[in-house]
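What TrEMBL annotates here:
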{"type": "ACT_SITE", "residues": "Asp241", "note": "active site, nucleophile"}
{"type": "ACT_SITE", "residues": "Tyr394", "note": "active site, proton donor"}
{"type": "ACT_SITE", "residues": "His451", "note": "active site, proton acceptor"}
{"type": "DOMAIN", "residues": "71-177", "note": "domain 'Epoxide hydrolase N-terminal'"}
{"type": "TRANSMEM", "residues": "20-40", "note": "transmembrane segment"}
{"type": "TRANSMEM", "residues": "272-289", "note": "transmembrane segment"}
Amino acid sequence: MVRLLWTKEQALSSLDPTQQQQLLVAGSSVAVLLTCYYWVYQGRKTKRIPIGDGWWGAGEKPQSEDEKVFPFQVQTSDEEIQDLYDRIDRTRYTEPLKDTGFQYGFNSTYLKKVVSHWRHQFNWKKQIAILNKYPQFKTNIEGLDVHFIHVRPPHREGQRVLPLMLVHGWPGSVYEFYRILPLLTNSLDSLAFEVICPSIPGYGFSEAPHKQGFDTLAAARVFHKLMERLGFSDYYLQGGDWGAIITTNMAQMKPECVKGLHLNMLTNKMRGFGVLFSILIGRYLPWLVGFTREDVRRLFGSVGFMERNFYDIIRETGYLHIQGTKPDSAGCGVNDSPVGLAAYILEKFSTWTDFNNRDLEDGGLERKFTLDDLLTNIMIYWTTGSIVSSMRFYKENLKTNIDNRLDNHTGVYVPTGLAAFPDEVRHVPQSWARNRFRNIYSYSYMPRGGHFAAFEEPQLLADDLLQFVKKVEKL
């Protein structure tokens with residue numbers, strides 16, 4: 001592919017001006033025809049997906065469900081902490097290869113520093129007090145006790161308050177949102193949010209499914225039921241990672257309930273003639289395929305399209321193949337070893353923040369995060385024993401051909417805001433995003449940040465979310 005693109009560049013430069021003009025006219029004609037065909041064809045496609053129903057609790061579904069919402073607080077014990085210390089003290093380390101940085105995974109030299117901080121400086125009881133500073137609750141939906149944070153803004157005269165659900169992904173948790181929550185709920189702006197942050201079932205403090213099949217569609221339905229139970233009939237959604245897919249499914253299921261959808265991770269199918277055409281032509285004639293200069297920079301960069309969007313993705317998705325096929329096998333080890341768990345999860349917070357971090361011995365972890373914040377997320381997985389059930393979520397979504405799922409053939413028609421962070425795992429230009437999201441109100445090239453937007457750059461994400469909602473609300 002790289003050789004093909006290089007040859008094409010040579011061919012273009014060898015044409016005289018008349019021939020180049022003819023090529024542009026022909027290319028433009030093809031683009032117009034493809035666009036017309038696309039919109040006619042897409043107009044026939046369904047605009048929503050079935051809601052369905054499910055039961056994921058132990059045993060059979062009862063005649064009636066308990067819809068009570070009850071308060072929840074994170075707790076611990078001296079015995080739990082001592083067990084953690086005992087396991088840490090028995091850790092066996094393997095020395096890293098010379099000059100490998102994070103290219104082979106989490107560098108064990110730096111891992112010893114992280115573990116020393118965990119064992120001697122990190123105060124779990126103090127972090128629990130931070131976790132409990134926001135009101136938390138549980139309620140049983142489809143047989144599962146679903147955990148969520150619910151933060152209401154203080155009353156301010158003349159301030160409009162809108163409901164908003166934030167949904168996390170893997171290997172994150174609701175703790176990712178603790179830095180953005182005050183920006184959304186305690187704002188002096190004319191607009192503030194009443195925020196609900198659920199834990200995906202099987203993650204953190206939400207109960208894990210007891211039966212096979214709990215995927216993003218099931219999570220979307222459960223979260224709609226949660227919002228209905230809390231008394232909301234319409235609301236905004238925001239998500240990244242799995243949260244982006246879950247909230248997208250929510251918009252496809254009940255578009256009448258979703259006032260707007262804001263995403264910081266974009267997905268699209270890397271196939272079809274239109275995408276192939278834009279890859280071949282976009283670097284040289286970006287305007288012809290709807291690319292901007294920034295799209296070209298992010299898609300091709302200095303290493304080329306295949307290196308950035310194919311080979312790099314292969315290098316960084318080994319975890320996905322393991323968790324999408326045999327999650328219980330790998331999960332057994334990291335569920336038993338706290339240091340193994342930390343290495344497995346924190347390596348993602350290094351690489352997915354910036355691929356260049358792979359060349360650093362410390363993985364660049366403390367450039368964006370504090371060790372206390374990172375270890376608090378680890379402790380949520382460790383104390384709840386939820387790493388295996390969180391890994392199973394990949395298996396449930398990938399056990400069959402995901403391309404055959406109805407949601408992958410259904411457009412999203414609610415107002416949509418897209419925040420494209422430069423160090424996200426993969427860049428999706430707006431022209432590609434329109435294939436799925438048919439009502440884009442805003443598309444922002446964020447100046448910095450990677451995959452964990454709310455955790456890395458809470459102010460940037462909050463500002464972009466606010467400007468999007470104001471556009472929708474015409475404020």
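Note: Cβ is positioned from N, Cα and C throughout, glycine not excepted.
The Cβ of His451 (active site, proton acceptor) has 23 other Cβ atoms within 10 Å, all protein chains considered. Sequence-distant neighbours of the residue listed as 'active site, nucleophile' (same chain, six or more apart, CB under 8 Å from its CB) are His168, Gly169, Trp170, Gly172, Met265, His451, listed in sequence order.
Long-range Cβ neighbours of Tyr394 (active site, proton donor) (same chain, at least 6 residues apart, Cβ-Cβ under 8 Å): Trp170, Leu320, Gln323, Gly324, Pro327. Residues in the domain 'Epoxide hydrolase N-terminal' (71-177) partition by DSSP class (helix H, G, I; strand E, B; coil) as 37 helix, 24 strand, 46 coil. On the 0 to 100 pLDDT scale, the model's mean across the domain 'Epoxide hydrolase N-terminal' (71-177) is 97.
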